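Annotation source TrEMBL lists domain 'WSC' at 50-144. Per TrEMBL, the feature signal peptide maps to 1-19.
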Amino acid sequence: MFNSKSFKVLLVAIPAATGLGFLAQRQIGTVECKESSPDTITIKRQKRQFGKYLGCFEDREENRNFKGYIQKSHFNTIESCCETCRKGGFVYAGTAGIWCVCGNKYPDAKTNPKISEDRCCDTCSGNPKQKCGGNYVFSVFETGNEQYTFDKDGKQIGESFIPASPYDFWGHFKPKGSEHGWHD
């Protein structure tokens, strides 16, 4: 685990590692920070926008893109899904009717390609005026979070991280196999 001192040092190191310069160093003092795992920090900054629509993406059962968290809700909206994923420390939110999924990896062009907008035509279960994906397709949004992963020496090694824990971000046990799909 990061101790308080190294946690502060890493936060100061983030702007330098990403080349964001002095302005970002000033902003870094007011960001919302969360330790996601022993070597990952999630921050909320102005670089990503809460609720920014990224497009309609194909979803394949054999290769789920968002494996971080899955929620079924008869009151699903774009805002509620983005907020759920943001609070969980995830970078992306995906909606498909009653489903809200969260993850940290942008959809892969080979396995989960961006597709025509007319495929994301299902209404959101919580707001019939909103479009929330469709059959094996997700509307994908930014949550406003960013994630950075560091090695044991504090060197940045990545900007995405999917927890390999058998627990979700609230500490609830996930049954084996639930990370790759969801069912009623």
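Just so you know, glycine gets a Cβ as well, placed from its N, Cα and C.
Are these features on the surface or tucked inside, and what are their neighbours?
When the domain 'WSC' (50-144) is classified with DSSP, helix, strand and coil residues number 13 helix, 38 strand, 44 coil.
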On the 0 to 100 pLDDT scale, where does the domain 'WSC' (50-144) sit on average?
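Average per-residue pLDDT within the domain 'WSC' (50-144): 93.
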